[in-house]
Amino acid sequence: MASLPPHAGPATPLSPTRLSRLQEKEELRELNDRLAHYIDRVRALELENDRLLLRISEKEEVTTREVSGIKTLYESELADARRVLDETARERARLQIEIGKVQAELEEARKSAKKREGELTVAQGRVKDLESLFHRSEAELATALSDKQGLETEVAELRAQLAKAEDGHAVAKKQLEKETLMRVDLENRCQSLQEELAFSKSVFEEEVRETRRRHERRLVEVDSSRQQEYDFKMAQALEDLRSQHDEQVRLYRVELEQTYQAKLDNAKLLSDQNDKAAHAAREELKEARMRVESLSYQLLGLQKQASAAENHIHELEEALAGERDKFRKMLDAKEQEMTEVRDAMQQQLAEYQELLDIKLALDMEISAYRKLLEGEEERLKLSPSPSSRITISRATSSSSSSSGVGMSVGQGRGKRRRLETEDTSGSPSRASRVSSGSRLAQQTVATGVVNIDEVDPEGRFVRLKNSSDKDQSLGNWRIKRQVLEGEDIAYKFTPKYVLRAGQTVTVWAAGAGATHSPPSTLVWKSQTNWGPGESFRTALVSADGEEVAVKAAKHSSVQGRENGEEEEEEEAEFGEEDLFHQQGDPRTTSRGCRLM
């Protein structure tokens, strides 16, 4: 623009219109300067842009070549990894079949050992019975021997008593003979005394008559009354004398007869008692001999039975020792084979883990390259490549503690949730959209031999499994379940319920329509449903109140934003691939694998 000429004359006052035009000219000058500066800046930026476009084209060529090489390498590595995975799966199936066979053989060996142990227990019980019978027989024999000795002592005493009784009997016979002789003698003496008495009586009567005659001669002169009195007194005195004499003879005879009869009765009674004692002693001696013979036969039979039982026990012990040695050798061989199988599986798992790590590194590198290319295409406003959509899937495995053979296999597939963004490169305006999805995370923990094998999302049943080789008592145990933030519900087992080794039990809700069939199928009649939902917590609580197994699931939502640009599509999937990990490996606690 042309500048104003200098004013030669004196300064004149400027009008407001003049002043406004001068200000507008000054503003236009400044704007022209700014426009020229902006044009220079635009030209410099265009030159820089051309230079950057040239560099970008060069980078694209280099990147295309590198991506093609990496893609070829990745595809070959992926094919090798898939081949190794297929071989690993086949090898794992073969090893599982072999492990099943080994476990079946081990179970048969255990059953055989249990059977042998049962036979040994029965034989030991029989031996104990025979030993107790033998000891009882020995005790009875000792008792019989002591009884025999006592009986022999009694027999000796009875024989002594019998000898004494026989001696007494002989003495009694002799005494009886003496008494008989004495009786005869006494009878003779009595007869003699009677004869003497009769003679004395006759003599006495003769004397009385003589005395009476003398008195008659003397008392011729006595008064007749006095004579009668004298006769009466004389007759009375004679009568008294006669009665006294008869009484003495009678008393002597009675006493003699009583003494003789008493001695005779005593002798007969003593003889009868001696005969009875001797007969009883003979009978007892006969019975004792019979009992001794019977006990001797029983003792001989028991000794034969004990000898046969000892021989059988010895044979059973030898057979059991042989079976134990055979079973121990088989068990050692099986354990060695299982150790080799575990080592082989561990080696394959290590190789598989290395392949997964390599695959994860390749996935991350390819993802980084693609993000870099998409950023350059977006900045340079180039058309996106046909493969602008990226899909990332994660496979996670939850480790659960179990007491099996030593391997823990993740089971069950979670539900798949996706986050997708559509390609909006053809739209003239830049739009902002939000896409939402959900994620389901599950966790299973078991500290004992019984774990929670399966929980129905619809709340129809809960299944428990005994993964050990021993029976587990679940008396008064409870299954507690809580859905979201609701109240706890608990199912309580009966006091005598036992879960067999390797078996499962399913507790159905009453609304599921299942049939109550213990011990594998139980129906909770007071509860129509366990509570449906994908976010829950189920716990197995022992009778002491300790949680021995827990299975929890949490359902969460995720969001992704798209601002007129093409972003990633993320696919979260639990159990996308079956990942087999050695139990106790710390790497299996929480590990993810990204797959193209």
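Placement of Cβ uses the backbone N, Cα and C atoms for every residue, glycine included.
Annotated compositional bias 'Low complexity' per Swiss-Prot: 382-403 (among others), in sequence order.
Swiss-Prot lists 425-439 (among others) with the feature compositional bias 'Low complexity'.
Per Swiss-Prot, the feature compositional bias 'Acidic residues' maps to 564-577.
Positions annotated as compositional bias 'Polar residues' by Swiss-Prot: 585-596.
Around the Cβ of LYS59 (SUMO2 cross-link), 14 further Cβ atoms fall within 10 Å across all displayed protein chains. The annotation SUMO2 cross-link is assigned in Swiss-Prot to LYS59 (among others) on the grounds of similarity to another entry.
The Cβ of LYS173 (SUMO2 cross-link) lies under 8 Å from the Cβ of ALA267, each on the same chain and at least six residues away in sequence. Under the heading SUMO2 cross-link, Swiss-Prot lists LYS173 (among others), citing similarity to another entry as support.
Marked as SUMO2 cross-link by Swiss-Prot on the basis of similarity to another entry: LYS233 (among others). Look at LYS233 (SUMO2 cross-link): DSSP puts it in a helix.
The SUMO2 cross-link annotation in Swiss-Prot covers LYS465 (among others) and is backed by similarity to another entry. Cβ environment of LYS465 (SUMO2 cross-link): VAL450, ASN451, ASP453, GLN503, THR504 lie under 8 Å away, each six or more residues apart in the same chain.
The phosphothreonine annotation in Swiss-Prot covers THR12, and the record cites similarity to another entry as its basis.
Marked as omega-N-methylarginine by Swiss-Prot: ARG413.
According to Swiss-Prot, the cysteine methyl ester annotation covers CYS593.
Look at Swiss-Prot and you will find 1-20 (among others) tagged as region 'Disordered'.
Residues annotated as region 'Linker 1' in Swiss-Prot: 62-73. Non-local neighbours of the region 'Linker 1' (62-73) in the same chain are 362, 365-366, 369, 372-373; each lies 6+ residues outside the stretch with a CB under 8 Å from one of its CB atoms.
If you look up Swiss-Prot, you'll see 74-207 marked as region 'Coil 1B'. When DSSP labels each residue, the region 'Coil 1B' (74-207) comes out as 134 helix, 0 strand, 0 coil, counted as helix, strand and coil in that order.
Residues annotated as region 'Disordered' in Swiss-Prot: 376-440 (among others).
Residues annotated as region 'Disordered' in Swiss-Prot: 552-596 (among others).
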**Message:** Roughly how many Å lie between the Cα atoms of LYS59 (SUMO2 cross-link) and LYS233 (SUMO2 cross-link), rounded to a whole value?
**Reply:** 196
**Asked** By a simple count, how many Cβ atoms lie within 10 Å of the Cβ of LYS233 (SUMO2 cross-link), its own Cβ left out?
**Response** 10
**Message:** When DSSP is mapped onto helix/strand/coil, what comes out for LYS465 (SUMO2 cross-link)?
**Reply:** strand
